[in-house]
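All remarks here apply to the structure that follows.
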Amino acid sequence: MPLRYWLRCASPRTTSVCIYTTTRASRRPNLSHKRHVSSTSPTASALAVPQLSSLPSLKQAWSSLFPHSTASCGCPNHSKPQETESQTQATYALHRERLHRALVDHFHEIEQLYRGNVEYVRSMGEHSPGLLEDLAFEGQRPPFMLLDCSDSRVNEQSIFNAQPGTMFTSGNIANMFDEKDTNSNAVLAYAVDSLGVKHVVVLGHYGCGGVAASMSPLPPGWHAYVKGTTALPSSALPDVTPSAEIDGLETQPAQSEGLTCPQPSASELAVQKWIQPIRDIYETSIRWEIRAHRERAIRQRKNGTPPPTKPLHLHDPAFRALVEENVKENVKRVLESKVIKDHYNALPHSPPPPTPAVAGASHSPLPPHNPVYIHGWVYDLETGVVSDLGVSVGPPGWSTPRTYSAS
């Protein structure tokens, strides 16, 4: 409910409108009355707000944010924060204006983000004073690069309880690395060559939606689109084969396979193209859980059994196995990328002897070539536990520490 509607619900003869101003010199609000319609206090009935069934009233929202408003006019902005109020209330008071805007616009989900940001600023100031300023002025030197999934349930900072400046992250559907993808390749290159990260971690997670989608067969006629032999009409996705070879397929791709079906939408095609490498793993893997699931699906199709409509269970053995195999495959892709190969070729064949630390010196500058280790981990959404798949690799001639290996 907009603020103007809330104000109209009050008596026009008894309402006082208050505003506050802030300056750079002082963050504490300087409150002043803009206009007094009447000097008498409004009655409770005059300030009554019609309630909505789905959203709280503006007055209720203000009360939950600032419970100690004692102004006679009923405006929560009337009085300055008292010296005895808690630090949390004082912090909220500093950000009152943008919180107010979120309330007025009725974007309560954005209000929650704003309130979370206020709490984050307060918490960082209390538990890690000066950290944000140091990172802002001195730059970042993260030891880790994380290639993880865009899933909203996978939060790197929370999973590892890590401070800002610890991880350089790159997220996409199903934690994929494709050297042809400019974004993935640029993130890896910058992390390795410019930031000097020591560990590149491919972090998958059980219950991944991209992996689940790759276990479902493509609708008839979609293979030509997904494999790149046919482009959608007016598609922004380029054709990857010479046009002379696909003239007959572009107009009637489904008929060329003896099938008819609606062509995929642009969004469907984008997702299916991206997860096609995972589908290739599913169709060729010799791991027994995946092979059993694949053979069972083939028998069902031959018998005319319709595909299951229920989503895969989180504990499905084939589902979990494919998540792990996808992580392992992407560790190989990172290792075989030209960025990593060039970096390894520039390293000495064996680790140099350790140099003694200089007393009184600050953190040393980055070495010209930092050894990079690549790891494959899996996060369990259900338990929050991260497991090492034991596929860690390092530069040739450099031993991978035991803590990062299967043994």
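Backbone N, Cα and C atoms are what each Cβ position is placed from, and that goes for glycine too.
Within its own chain, D151 (Zn(2+) binding site) has H205, C208, G209 as residues 6 or more apart in sequence whose C-beta sits under 8 angstroms from its own. DSSP assigns D151 (Zn(2+) binding site) to coil, not to a helix or a strand. According to TrEMBL, the Zn(2+) binding site annotation covers C149, D151, H205, C208.
Note: the Zn(2+) site is recorded as C149, D151, H205, C208; in the same chain, D148, S150, R153, V154, A174, N175, G204, G207, G209, G210, V211, Y379, L381 also have Cβ atoms within 8 Å of that site's Cβ centroid. Ranking the binding-site residues C149, C208 by the number of CB atoms within 10 A of their own CB puts C208 at the top.
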